[in-house]
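What follows is a short report on a single structure.
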Amino acid sequence: MGSIRTRLLWLCLLMLLALLHKSGSQDLTCMVHPSRVDWTQTFNGTCLNFSGLGLSLPRSPLQASHAQVLDLSKNGLQVLPGAFFDKLEKLQTLIVTHNQLDSVDRSLALRCDLELKADCSCGLASWYALRQNCSGQQQLLCLHPATEAPRNLSTFLQVSCPPSWGPGTIGALVAGTISLAVAVSGSVLAWRLLRRRRRASEHSLSKAQMSPHDIPKPVTDFLPRYSSRRPGPKAPDSPPSRFTMDYENVFIGQPAEDCSWSAARNSPSGDSDCYMNYRSVDQDSQPVYCNLESLGR
């Protein structure tokens, strides 16, 4: 009988220890507060559960100086304002699972004794970077949103969250873009200038290669007429006309009797032969003798 009683006592002791361990592992599980929460009131409990109430956190401190566990899960929170946690000096565990957190205030990250239970998300990157400064920091974990299984936060951030573009990266990108634009515009400007110079040099070279016959001669204002009259008295000089006169053969009056078109071709030309009166640029009248019949050949 004594041995049976001893076994029963040991069994009861083991069950009691198991219950104590289970209660300790639940992190002071407490009752959920009603949906309407007055943030101005004072909360004296050590465990505050505001889970699933669809709350938004105010920018003023929560009056709960004795709280050790704070459950804010399933509220659709995106930001944890640092001012809300200013007076929670005894807070040890903060539960924010099932919230789409974009960022966590740096004041919470600097509290090295605070345990944060949150879903794995890229919003924890800044919090993780600051927590690396805590001495004796254990491995930081996050919970899978679906299975709530713990995962290594460092591994999750490296695999799932690419490094964000900080001010230095953005500045370098802007500077590189500006440099590229300046280089492209400079190249286009240099190409246009080189093209203009090449055209100018080609034009000068083509001018230099032109023969004297290709160069157009200037047209004088005065162009004399040809006539078949004998030289007469010199006409008075008159200013040159601005209009260009056409060349033409002008025959005035009847040809002289001794100026026969059928004269012998080999006879020497005399003073009475037909001639043309040519007036040069200097207005000098000069006779030009010719045999018109031979000229017609």
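Placed from the backbone N, Cα and C atoms, the Cβ positions cover glycine too.
Because the structure is a prediction, the values reported are computed rather than measured.
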Candidate annotated in Swiss-Prot as phosphotyrosine, out of TYR226, TYR289: TYR289
Neighbour tally for ASN133 (N-linked glycosylation site), based on other Cβ positions within 10 Å of its Cβ: 10
Rounded inter-Cα distance in Å - ASN152 (N-linked glycosylation site), ASN44 (N-linked glycosylation site): 35
Number of helical, extended and coil residues in the repeat 'LRR 2' (90-113), per DSSP: 4 helix, 5 strand, 15 coil
DSSP three-state assignment for ASN44 (N-linked glycosylation site): coil
ASN49, ASN152 as glycosylation sites, winner by CB count within 10 A: ASN49
